[in-house]
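Annotated in TrEMBL:
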DOMAIN    2-291  domain 'Heme-copper oxidase subunit III family profile'
TRANSMEM  12-32  transmembrane segment
TRANSMEM  44-68  transmembrane segment
TRANSMEM  89-109  transmembrane segment
TRANSMEM  159-179  transmembrane segment
TRANSMEM  186-204  transmembrane segment
TRANSMEM  224-252  transmembrane segment
TRANSMEM  272-290  transmembrane segment
Amino acid sequence: MKHEHYYVPAKSYWPIMGALGLFLIAFGAGHFVPQVTSGQQGGYGGWLLLAGVLVIIVMCFGWFAAVIRESMAGLYSGQMDRSFRQGMSWFIFSEVMFFCAFFGALFYARTFAVPWLGGGSNNILTHQLLWPDFSGTWPVATTPGGKSTEVMPWMGLPLYNTLILLSSSVTVHLAHLSLEKGNRLALKLWLLATILLGSCFLYLQGVEYIHAYTEMGLKLDAGIYGNTFFLLTGFHGMHVTLGTLMLLVMWLRVQAGHFSAQKHFGFMAASWYWHFVDVVWLCLFLFVYIL
């Protein structure tokens, strides 16, 4: 029987650093978001949030570099390659379940909670006693407490971002085809185009958020509509940021001469992840912006 070696990496501090970054992000956001919503100035929440983001970025590049060094040193066997593929598949599956929970909350609010507050499903007494002036329709432009907001239209920036992400899905696929054909120049150009498109998406989403806060009154305290809007689009934006960082690492590796037509799972994994965030955005565009 033929046995092949299975590399067991040494103990690493990168997971601990990642956990620290996530803690700083959660703790900082917990202080920063209420400050922004209430219009308060100062505080340390924003600095902690920024520190957490920087720690995560350093962790990503550092951990990626460690894995790349191990791969280039030939430490990974065929079983390790299969383990990487299975691990990435399960990771994307867990991300699908992550967003399914948020979409489930959106559908529950739209289908049950909001109509009940408006007197639907024989909840007339609740409607009359608590919020007699509330209209149980979606999107909720006026909360039961009387706070009004505008609804984000799907035309304009959301549509532009949809076209950008769809285009980026095409460019990353073309980059993959170029890699398989051995066309390094086309690979570099298409991959760089994907990174630029992802960056444009994030920039336009930032512009959209500023417009929502300053011009539309669409904030985190704007009831269930504002909460679900920022929850879904915000977490998706975080995933686009991570995907863009992954593609940037792949581009740097291509510049260094890494990958071949036969061996390029690192690139393939980043491509899988990018297609995943594209599909999630299509669901967001349909159920958050249009319907």
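Residue numbering: from 1, along the chain as shown.
Any Cβ shown, glycine's included, is placed from N, Cα and C.
Each residue in the domain 'Heme-copper oxidase subunit III family profile' (2-291) has a pLDDT score, and their mean in this model is 88. Long-range contacts of the transmembrane segment (224-252) within the same chain, counting only residues at least 6 positions beyond its ends with a Cβ under 8 Å from a Cβ of the stretch, are 57, 60-61, 64, 95, 98-99, 102-103, 105-106, 109, 113-114, 138-141, 143, 149, 151-152, 165, 172, 188, 191-192, 194-195, 198-199, 201-202, 205, 209, 212, 218, 266-267, 269-270, 273-274, 276-277, 280-281, 284, 288.
Taking Cβ pairs closer than 8 Å, the transmembrane segment (89-109) reaches residues 138, 224, 228, 231-232, 235-236, 239, 272-273, 276, 280, 283, 287-288 in its own chain, all 6 or more past its ends.
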